[in-house]
């Protein structure tokens, strides 16, 4: 089967070209390519072609909470958002702390076939922070687990974290830390600041995140290990990351679209959809995060896609489960916050949403150059078409988007996974 993408601009640059995909690879790039008789032609005149997006941080809820999301609906949302590979966090039921669970998640992703679903293995048994899991067995299993995290919980015991980093280094895998000192966040539901004080909400201090980021940078330095920081949310974290990188410490970090765009002023409505961990911070933090992404201090954008059913969100703010949808809106939010103001080019978007996450995770066939012979994991974006977000109109089984009724720029018009069209015109095969 052949697919011809007609009239695209690679990375949004240069002249319009046609891109011919044959089988699983890019077969030809040029102007006026003859259309094979059997080709599926996608007219994408003056649209942007990017390598398929890669998300290091999602919650697909399977196994255990399929009422909120499952691998099929999550994969559909990912494909419609331009993603070709996603990483599913281990806070499922049961926890993904053994090859039984991680291999199940991998196989389910393969069955659905819309994106490559890579399970993230737990660092500690049951996410309890005490006993290390058999990371080697998960890395050697069918899923070949590349990233380990207790996300949702912090590996807060420094000795356990140091042992995890040492173990991971020997296996050639990565530890991703949910940076939260739990003794500073007991009962916290909102950023600690004037807004939380005025609204009577228990505050989550910046220091809860920053203290763990600093500690883990030092642990990684001493262990000669890599460490990845999940969902950076404060200006102070940016400064610590900058210092650590200047010292030659092997540390990478991600930021979510919602922390780039939103701030804690939204909490005035007491709408549970705005509760998220780490919490929405102040405007100054969002500005610092945007600049850090532009400067390369923060390496990549991840969604932290966290579906929750209505009965888990439509409650009083402090009782709402934390998390937001993100897979279908991420690219548009990045365009809004980073491309429109001139902080990033489309080529930069490819770097922070495809190339860097693929490199961090060690995915050899994603985040590749747009060249002949490369895998046809591709995303086509119309930069000139806006769309209005509605939770009910998203592919996820849940509707907890913080962007309800917002009009966002840029629309994904097609996604290809190894040459197979997995989304087209905001429709998915699922």
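Using the three backbone atoms N, Cα and C, a Cβ is placed for every residue, glycine included.
Taken straight from Swiss-Prot:
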- 57, 59, 151, 304: Zn(2+) 1 binding site (BINDING)
- 59, 60, 61, 91, 277, 308, 322, 323: substrate binding site (BINDING)
- 151, 178, 231: Zn(2+) 2 binding site (BINDING)
- 304: active site (ACT_SITE)
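All features noted in Swiss-Prot, drawn onto the structure.
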residue: 59; record: Zn(2+) 1 binding site; DSSP (3 states): coil
residue: 91; record: substrate binding site; DSSP (3 states): coil
residue: 231; record: Zn(2+) 2 binding site; DSSP (3 states): coil
residue: 277; record: substrate binding site; DSSP (3 states): coil
residue: 304; record: Zn(2+) 1 binding site; DSSP (3 states): coil
residue: 322; record: substrate binding site; DSSP (3 states): coil
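Summary: among the binding-site residues (57, 178), the fewest other C-beta atoms within 10 A of the C-beta are counted at 178. In this structure, residue 151 (Zn(2+) 1 binding site) belongs to neither helix nor strand by DSSP; it is coil. Taking the binding-site residues 151, 304 in turn, the residue surrounded by the fewest other Cβ atoms inside 10 Å of its Cβ turns out to be 151. Neighbour counts were taken as the number of other C-beta atoms within 10 angstroms of each residue's C-beta; across the binding-site residues 322, 323, the minimum falls on 322. Excluding the listed site residues 57, 59, 151, 304, the same chain places 58, 89, 152, 230, 231, 302, 303, 305, 306 with Cβ atoms within 8 Å of the centre of the Zn(2+) 1 site Cβ atoms.
When Cα-Cα distances from residue 308 (substrate binding site) are compared across the binding-site residues 57, 59, 151, 178, 231, the shortest belongs to 59.
When the Cα of residue 323 (substrate binding site) is compared against those of the binding-site residues 57, 151, 304, the shortest separation belongs to 304.
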